[in-house]
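A.B. asks: Here it is: the structure, laid out below.
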Amino acid sequence: MKRVPSFPPASECAGEEKRVGTRTVFVGNHPVSETEAYIAQKFCDNRIVSSKYTLWNFLPKNLFEQFRRIANFYFLIIFLVQVTVDTPTSPVTSGLPLFFVITVTAIKQGYEDWLRHRADNEVNKSTVYIIENAKRVRKESEKIKVGDVVEVQADETFPCDLILLSSCTIDGTCYVTTASLDGESNCKTHYAVRDTIELCTAESIDTLRAAIECEQPQPDLYKFVGRISIYSNSLEAVARSLGPENLLLKGATLKNTKKIYGVAVYTGMETKMALNYQGKSQKRSAVEKSINAFLIVYLFILLTKAAVCTTLKYVWQSTPYNDEPWYNQKTQKERETLKVLKMFTDFLSFMVLFNFIIPVSMYVTVEMQKFLGSFFISWDKDFYDEEINEGALVNTSDLNEELGQVDYVFTDKTGTLTENSMEFIECCIDGHKYKGVTQEADGLSQTDGPLPYFDKADKNREELFLRALCLCHTVEIKTNDAVDGVTESAELTYMSSSPDEIALVKGAKRYGFTFVGMQNGHMRVENQRKEIEEYELLHTLNFDSVRRRMSVVVKTQSGDILLFCKGADSAVFPRVQNHEIELTKVHVERNAMDGYRTLCVAFKEIAPDDYERINRQLIEAKMALQDREEKMEKVFDEIETNMNLIGATAVEDKLQDQAAETIEALHAAGLKVWVLTGDKMETAKSTCYACRLFQTSTELLELTTKTIQESERKEDRLHELLIEYRKKLLHEFPKSTRSLKKAWTEHQEYGLIIDGSTLSLILNSSQDSGSNNYKSIFLQICMKCTAVLCCRMAPLQKAQIVRMVKNLKGSPITLSIGDGANDVSMILESHVGIGIKGKEGRQAARNSDYSVPKFKHLKKLLLAHGHLYYVRIAHLVQYFFYKNLCFILPQFLYQFFCGFSQQPLYDAAYLTMYNICFTSLPILAYSLLEQHINIDTLTSDPRLYMKISGNAMLQLGPFLYWTFLAAFEGTVFFFGTYFLFQTSSLEENAKVYGNWTFGTIVFTVLVFTVTLKLALDTRFWTWINHFVIWGSLAFYVFFSFFWGGIIWPFLKQQRMYFVFAQMLSSVSTWLAIVLLIFISLFPEILLIVLKNVRRRSARRNLSCKKASDSLSTRPSVRPLLLRTFSDESNIL
């Protein structure tokens, strides 16, 4: 029997390569030969499972996840103690609130998971067509197997990850949109390998014998490595490389193409879309950390109370005739129990009695506040952008309050501070500058004189430069009336992922050279004489952020082989002949200082023999499945050497609307803004001046390759500069200066500029603890500068900068904002990531916590929404601990009057309903709607942002204030009621009120006081606030009448029967309740009155100051400071 050589014989093209982490896929699940033994491989099916639970595991899995939360686990322990130990309160008092919290969370998570199940079923049960035995077979999507050939029609979504085999177009291309994957709505072109483009029918597809070897599934949407070996009748394989341009991703949509055929390589949960389901690392806000700290404090208070009461109980019982009260007598067996065990049981009982000091319902309220509050950002019409017809989007609601705590803002430049809308401004050819672009019959019009020592550039060099612009790119053409690929008569629309490339191609067109598209692997250019020139595209050396350049290898009609290269000057100049650099370098530096983006253009002729060798190396590198990028990079480095420099281009990227005003506002708010960009230093510096990051008075400190190359030893020169700058800044900013705002207004402002090469030197320096540690000194310098510009940054370096600042002493809160894929690393690294829905794709927006259309929207997002979110949730957290301490303190004090018998002060129904019903809705409404300062005021006066920075409202001072306030009010509740009703005969039969009436009076004063306290704090009233505040009080009264007005058969003792009605039948009780509420709230009322007096005084001073300032032209910050401090009372 004749056998086929073991697969893949084409591997010889890649040299001896150890294949690790690859899979082999047989097209159509056919062996490569009818005589070849075929063993079906096992891959996952095409079912998508985004749901978290099933019907069978929902209950145990959800309960396990919920009880991992400390507060839930704590209340579970308390509940179990109540069940197993004789405690003073019913297990219902802690079990019912816990059940409510667990049930609400489970219903929410269950509903969300049901929606995921429904969405999964819609996808899994959708209809697809598979080619089997030369026929179209209808199947459900979930039944697709790896290796199946799938037919996809226009406007359909790809059911799995497919390798494109053929399409209805002549050249085997198809157009795809990936809006559901990365948000990019523009069409992308994908290509079939040339050996399969003619297989356009089910019959021809069935004859294909091929095998694909590719990498194992991985989540990167933009990377794919593979190769296909196509077997002919002679059993000789033709191998072709496969890349991202050949892969059609699940979730993408086929556009402008009637039909395609593709072979499934990744299915189900192994598709790139499914692998991207996994969430980003969980980020925790400063507020969440404060909550955990407060819980520890209150847990300590709880343990202390339980320990004190347990100790005092046995001290009290040690005296003669002091034993357990008559209603709490122990059995003989309980009396004979070991004393240590009895003490431990009593300790647990006291913990149960006081356990409501820990607010279990706070977590549910916080989650609801964050979830519902996030809609206010999405609904804000000020974030709507007409150009893209989109507004803001919240991807992570857990960080809303963190927007109000930002200390550092790291921003990209291109597409973030600038429009990323490129316009070709001028060019330089052989040192001659061409500006004011016009098209003439004889070539370029030179409107500016040549640089020294040069006459007008040679005509051939001009045309060579323009051909380079028309050929060295990845631009595609979308045309409305192209016929059979002929596009020269059609109106051309250029498409590219890079706006720079479109600007350069359009610029060449204005000079008379027009790129008119690709046809059969040939690039077609119309020259100034309206002649069509064709160039065979041999290889494209793609741009990446490390190489910072791209090249194409083309073959002319005369057979010459040329390489055209364009890229950053730092990437091109070292690879061209040195004598050609200087004049172009002057032009590039001038353009960079004017704020233009510059690219250098070079070319090289390749001899046929050299090309054969290079071509063989490139094919071998492209065929590699392991380390393909590294191998191709090595070949690129060899090709792109000894080039001839032709010239350079200048493209303008205009500043975004209100970018300068936004940066000014952020500075005024006390935020430090750093610009991290890959652009040239001169270009970036010009942009920083334009957007007012640097002022004209700012003294710039440079740590760049240029400054450290002044010395033979770079590290020594770097060390000298670091020491020099540190001394200057420490002298200018003495250690006693604590206020950043004061330092900025009273001292010289400094800005720092550093480039990627110098940063690498600093990061790779010795990490010892000595004073000469470069990184430590560098950070000291950065902290003293008002603004920092980092240019020539690689994506990884951007993340390293953010990480360095995050790890500073004090853990400052960082925010990163960008629009491109190269910004994703710093967006993920920072505490808060903001993505701009820009023109470089949606990778940044997709990986961010929040996305906005423009940089200007950052101002309102931080200064208004961030400020309000933080104030609301900080007040919510403090209020929850406050009202629970008010609730439990009278219970604690009562133990001193009942012989520490663990007798409850409140009825079990009140214990259960207090946090769930009586006090929950008012604080939720407050935390969603409160505006202690008008939004317009917050955005117009950025200095208000500084008042809440540093987690100001959840620091020790405010925490102690709320704690002492709760202690004062709790004491008033108990002792006020005790002294007023100690000996009074209040009932008609001359009986004094009993224990449950006493507790009900205390509880009534408590509910009204904590609710009215919230009403006093409310500055922004809506009908919702009125409804929940007064409605909650009315519900409490109604419930008390209802609960005490019926004899409940399931209760052994009807101790609350008619208590509330009888209590309110006494006039003295009414007077006592009103008096105690007033005494409890009096400090708050007095504080509000004093603050209002001070506010009015500050406003009068502000008016006088404005009148005085109108006589002087000198600007002053004092009016704003007065206004700031006058509003201080609105926060705490």
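In case you wondered, yes, glycine gets a Cβ from its N, Cα and C as well.
So TrEMBL lists these for the protein:
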type	residues	note
ACT_SITE	ASP412	active site, 4-aspartylphosphate intermediate
BINDING	ASP412, THR414, ASP819, ASP823	Mg(2+) binding site
BINDING	ASP412, LYS413, THR414, GLU501, PHE543, LYS566, ARG597, THR677, GLY678, ASP679, ARG792, LYS798, ASN822, ASP823	ATP binding site
COILED	611-642	coiled coil
DOMAIN	39-94	domain 'P-type ATPase N-terminal'
DOMAIN	124-271	domain 'P-type ATPase A'
DOMAIN	845-1093	domain 'P-type ATPase C-terminal'
TRANSMEM	293-316	transmembrane segment
TRANSMEM	347-366	transmembrane segment
TRANSMEM	909-929	transmembrane segment
TRANSMEM	959-981	transmembrane segment
TRANSMEM	993-1015	transmembrane segment
TRANSMEM	1027-1050	transmembrane segment
TRANSMEM	1070-1090	transmembrane segment
A.B. asks: Do you know offhand how many angstrom separate ASP823 (Mg(2+) binding site) and the residue listed as 'active site, 4-aspartylphosphate intermediate' by C-alpha?
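C.D. replies: Between the alpha carbons of ASP823 (Mg(2+) binding site) and the residue listed as 'active site, 4-aspartylphosphate intermediate' there are 7 Å.
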A.B. asks: When you check the transmembrane segment (993-1015) against the transmembrane segment (293-316), do you get at least 3 Cβ pairs under 8 Å, counting only pairs 6 or more apart in sequence?
C.D. replies: no
A.B. asks: Since the record lists THR414, ASN822 as binding-site residues, which of them has the fewest other Cβ atoms within 10 Å of its Cβ?
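C.D. replies: Per-residue Cβ counts within 10 Å for the binding-site residues THR414, ASN822 bottom out at ASN822.
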A.B. asks: Can at least 3 Cβ pairs under 8 A be found between the transmembrane segment (909-929) and the transmembrane segment (1027-1050), with each pair 6 or more apart in sequence?
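C.D. replies: Checked: the transmembrane segment (909-929) vs the transmembrane segment (1027-1050), in contact.
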A.B. asks: Pairwise over ASP412, LYS413, THR414, GLU501, PHE543, LYS566, ARG597, THR677, GLY678, ASP679, ARG792, LYS798, ASN822, ASP823, annotated as binding ATP, what's the top Cα to Cα distance to the nearest Å?
C.D. replies: 24
A.B. asks: Hey, of the binding-site residues listed (ARG597, ARG792), which one tops the CB count within 10 A?
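C.D. replies: When each Cβ's neighbours within 10 Å are tallied, ARG597 leads.
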A.B. asks: Which of the binding-site residues listed here (PHE543, GLY678, ARG792) have a Cα atom within 10 Å of the Cα of THR414 (Mg(2+) binding site)?
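C.D. replies: Cα filter at 10 Å returns GLY678.
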A.B. asks: Could you give the residue numbers and ranges of same-chain residues that sit at least 6 residues beyond the transmembrane segment (1070-1090) on either side and whose C-beta is under 8 angstroms from one of its C-beta atoms?
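C.D. replies: Apart from its flanks, the transmembrane segment (1070-1090) reaches 965, 968-969, 972-973, 976-977, 980-981, 1001, 1004-1005, 1008-1009, 1012-1013, 1016, 1064, 1129.
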A.B. asks: Measuring Cα to Cα, how many angstrom lie between ARG792 (ATP binding site) and ASP412 (active site, 4-aspartylphosphate intermediate)?
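C.D. replies: So the Cα of ASP412 (active site, 4-aspartylphosphate intermediate) lies 12 Å away from that of ARG792 (ATP binding site).
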A.B. asks: From the recorded positions ASP412, PHE543, ARG597, pick the residue whose C-alpha lies nearest to the C-alpha of ASP819 (Mg(2+) binding site).
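C.D. replies: Comparing Cα positions, the candidate nearest ASP819 (Mg(2+) binding site) turns out to be ASP412.
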A.B. asks: Count the other Cβ atoms sitting within 10 Å of the Cβ of ASP819 (Mg(2+) binding site), across every protein chain shown.
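C.D. replies: That number is 30.
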A.B. asks: Within 10 Å of each Cβ, count the other Cβ atoms and name the one among the recorded positions ASP412, ASP823 with the highest count.
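C.D. replies: Buried the deepest by this measure is ASP823.
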A.B. asks: Between ARG597 (ATP binding site) and ASP412 (active site, 4-aspartylphosphate intermediate), what C-alpha distance do you get in Å?
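C.D. replies: Between the alpha carbons of ARG597 (ATP binding site) and ASP412 (active site, 4-aspartylphosphate intermediate) there are 15 Å.
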A.B. asks: Using a 10 Å cut-off, grab the number of neighbouring Cβ atoms around the Cβ of PHE543 (ATP binding site), all chains included.
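C.D. replies: The Cβ of PHE543 (ATP binding site) has 20 Cβ neighbours within 10 Å.
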A.B. asks: Tell me the Cα distance separating ASP412 (active site, 4-aspartylphosphate intermediate) from ASN822 (ATP binding site), rounded to the nearest angstrom.
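C.D. replies: So the alpha carbons of ASN822 (ATP binding site) and ASP412 (active site, 4-aspartylphosphate intermediate) sit roughly 9 Å from each other.
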A.B. asks: What's the CA to CA span in angstrom from GLY678 (ATP binding site) over to ASP412 (active site, 4-aspartylphosphate intermediate)?
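C.D. replies: Between the alpha carbons of GLY678 (ATP binding site) and ASP412 (active site, 4-aspartylphosphate intermediate) there are 9 Å.
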